[in-house]
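Annotations for this protein, taken from Swiss-Prot, read as follows:
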SIGNAL    1-33  signal peptide
CARBOHYD  Asn36  N-linked glycosylation site
CARBOHYD  Asn95  N-linked glycosylation site
CARBOHYD  Asn139  N-linked glycosylation site
CARBOHYD  Asn146  N-linked glycosylation site
CARBOHYD  Asn151  N-linked glycosylation site
CARBOHYD  Asn176  N-linked glycosylation site
CARBOHYD  Asn188  N-linked glycosylation site
CARBOHYD  Asn226  N-linked glycosylation site
CARBOHYD  Asn243  N-linked glycosylation site
REPEAT    258-293  repeat 'FG-GAP'
CARBOHYD  Asn353  N-linked glycosylation site
CARBOHYD  Asn371  N-linked glycosylation site
CARBOHYD  Asn482  N-linked glycosylation site
TRANSMEM  567-587  transmembrane segment
Amino acid sequence: MAAAGRLPSSWALFSPLLAGLALLGVGPVPARALHNVTAELFGAEAWGTLAAFGDLNSDKQTDLFVLRERNDLIVFLADQNAPYFKPKVKVSFKNHSALITSVVPGDYDGDSQMDVLLTYLPKNYAKSELGAVIFWGQNQTLDPNNMTILNRTFQDEPLIMDFNGDLIPDIFGITNESNQPQILLGGNLSWHPALTTTSKMRIPHSHAFIDLTEDFTADLFLTTLNATTSTFQFEIWENLDGNFSVSTILEKPQNMMVVGQSAFADFDGDGHMDHLLPGCEDKNCQKSTIYLVRSGMKQWVPVLQDFSNKGTLWGFVPFVDEQQPTEIPIPITLHIGDYNMDGYPDALVILKNTSGSNQQAFLLENVPCNNASCEEARRMFKVYWELTDLNQIKDAMVATFFDIYEDGILDIVVLSKGYTKNDFAIHTLKNNFEADAYFVKVIVLSGLCSNDCPRKITPFGVNQPGPYIMYTTVDANGYLKNGSAGQLSQSAHLALQLPYNVLGLGRSANFLDHLYVGIPRPSGEKSIRKQEWTAIIPNSQLIVIPYPHNVPRSWSAKLYLTPSNIVLLTAIALIGVCVFILAIIGILHWQEKKADDREKRQEAHRFHFDAM
């Protein structure tokens, strides 16, 4: 009975172990929740137009480039203490009485320091042509007095690409001196003809510099107007041995009247880039739609047509091209990111109530196709109408993804009207999605230096356009899974692309079997610049330094681990097991000691009894 009476107290020793194992086995319940963290990130400074991301001071923390009062650029540097983004660097363009229209950080002179390209509309503009100026980086900051105003103007915001494969960003666009595309080569800042084409460039364009031919070398994608019919079309200029030549021309979907900005994503998780196109079938966007054309195909497949919710019809906000804009014009844009880390990229869009004036940001989740119209694409978008903190932001103008806490989980940034006449309010929403899915975060640097960088600072923040990343792994069910992404493929019209790629892996904790990285190559070079790494740990950040450019086997990669919830749960379970084992050892030791004492007393008693 005494032994039976001790049984409950012995079982109590199992509780840490059982609790830990229960948590580990069940895991967190997936949840789609957003939490507004604007105050802790910005304090009272949450206003302006977020125009770009980049690591200005090379501290491996992404900084924010914000436009204010039409002609000021403020750089919010990431900080370890709240508020976590502080306005530290300011460049003013007030003396030029200009409206700044875009900001593109990059290393335009090859010194491994981040510079910043601004495009602007002069106050006295008559032809609506954009001026451009480069502020040069120095000592991990910007010198407002050290700048170069480009000697040509642009018809539209330029595309930042690596035209000659030297990993110094170049500036591509139609200038005031020719109706043919020109390229301003980074480094020596010399102008050259880029391409010979009869097509006109569409305004606003959504050109891209990304691999579309599955050879790990970035191609040039152009949004153009047919020279004879003036219809919208899309041209792929393939990079063949470092030279661009037109390989594919694709017409827009026949019934699309309002054409938005092209976006690129590995929509179906096959390792190849797909082309997404939002738009409307009527001028007022009463009937909105998103089409997709798969890699290597020419057939447009609708992946979202249902924009109605509880009797309310929503639609895209058409682009308004004003001759004298007072604010930055914003075209129909999909901002791509894997919100739930399932390996299938999702999107953020701005939609307007077609029967009212309400305008909000919505999350589009990438889900398996459930109807005949999207069968060819295998997947489709589903609108998440009910995301509380996102729904509370009225008059939203821009919504994009951003890894606020550098933990591999993509959070959301929304710009909305209403702060002042000329400035937006900035809202930041933490992503509390807790399915404990895995990811790999990859950033490819310029590789212009390795261990011999100026002031021994590795240039983490040079915003390199053109690298292409692809992985292969095995999912939780044992099937082969691929994923791919291009780094900084688009730069115009508030593309707001991140200087890194977060690739979701789903709930499989398997190592990545292969991770490939390719970079652009110069004219005449036939060998592809591509390197492979194997057995990459999930939930890690990989920083690739392609140095020297033409010897991929010598490229280096730095790996940084980001522990996930499962690591914490495993630690709890392990501690529980250790406590349990120590308790058992302690009890057994105590019982053995008691038995020894009892035996000694019996021996002593027997000795005295025998003596008598």
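Cβ coordinates are placed from backbone N, Cα and C, and glycine is handled just like the others.
These figures come from a predicted structure and were not determined experimentally.
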Write down the Cα-Cα distance for Asn243 (N-linked glycosylation site) and Asn226 (N-linked glycosylation site), rounded and given in Å.
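About 23 Å separate the Cα atoms of these two residues.
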Could you check which of the glycosylation sites (Asn139, Asn146, Asn151, Asn176, Asn371) sits closest to Asn482 (N-linked glycosylation site), going Cα to Cα?
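Comparing Cα positions, the closest of these glycosylation sites turns out to be Asn371.
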Give me the Cα-Cα distance between Asn139 (N-linked glycosylation site) and Asn151 (N-linked glycosylation site), rounded to a whole Å.
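Pair distance, Cα basis, whole Å: 26 Å.
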Who sits close to Asn146 (N-linked glycosylation site): which same-chain residues at least 6 apart have their Cβ under 8 Å from its Cβ?
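Result: Phe135, Trp136, Gln138.
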Near Asn151 (N-linked glycosylation site), how many other Cβ atoms are within 10 Å of its Cβ?
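Result for Asn151 (N-linked glycosylation site): 13 neighbouring Cβ atoms inside 10 Å.
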Looking at the glycosylation sites Asn95, Asn176, Asn188, Asn371, which has the shortest Cα distance to Asn353 (N-linked glycosylation site)?
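Out of the listed candidates, the nearest Cα belongs to Asn371.
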Look at the glycosylation sites Asn36, Asn139, Asn176, Asn226, Asn353 and tell me which residue has the greatest number of other C-beta atoms within 10 angstroms of its C-beta.
Asn36
Quick one: give me the count of other CB atoms within 10 A of the CB of Asn243 (N-linked glycosylation site).
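Result for Asn243 (N-linked glycosylation site): 11 neighbouring Cβ atoms inside 10 Å.
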What are the DSSP helix/strand/coil residue counts across the repeat 'FG-GAP' (258-293)?
0 helix, 18 strand, 18 coil
Name the one residue among Asn36, Asn95, Asn151, Asn188 whose Cα is closest in three-dimensional space to that of Asn176 (N-linked glycosylation site); these are the glycosylation sites.
Asn151
At the Cα level, what's the spacing in Å between Asn371 (N-linked glycosylation site) and Asn95 (N-linked glycosylation site), rounded?
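It is 57 Å, counting Cα to Cα.
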Which ones in the same chain are close to Asn95 (N-linked glycosylation site), with CB under 8 Å and 6+ residues apart in sequence?
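Spatial neighbours, sequence-distant, of Asn95 (N-linked glycosylation site): none.
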Of all the glycosylation sites given, Asn188, Asn371, Asn482, which residue's CB has the most CB neighbours within 10 A?
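Comparing the glycosylation sites Asn188, Asn371, Asn482, the most crowded Cβ belongs to Asn482.
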So what's the mean pLDDT when you look at the repeat 'FG-GAP' (258-293)?
95
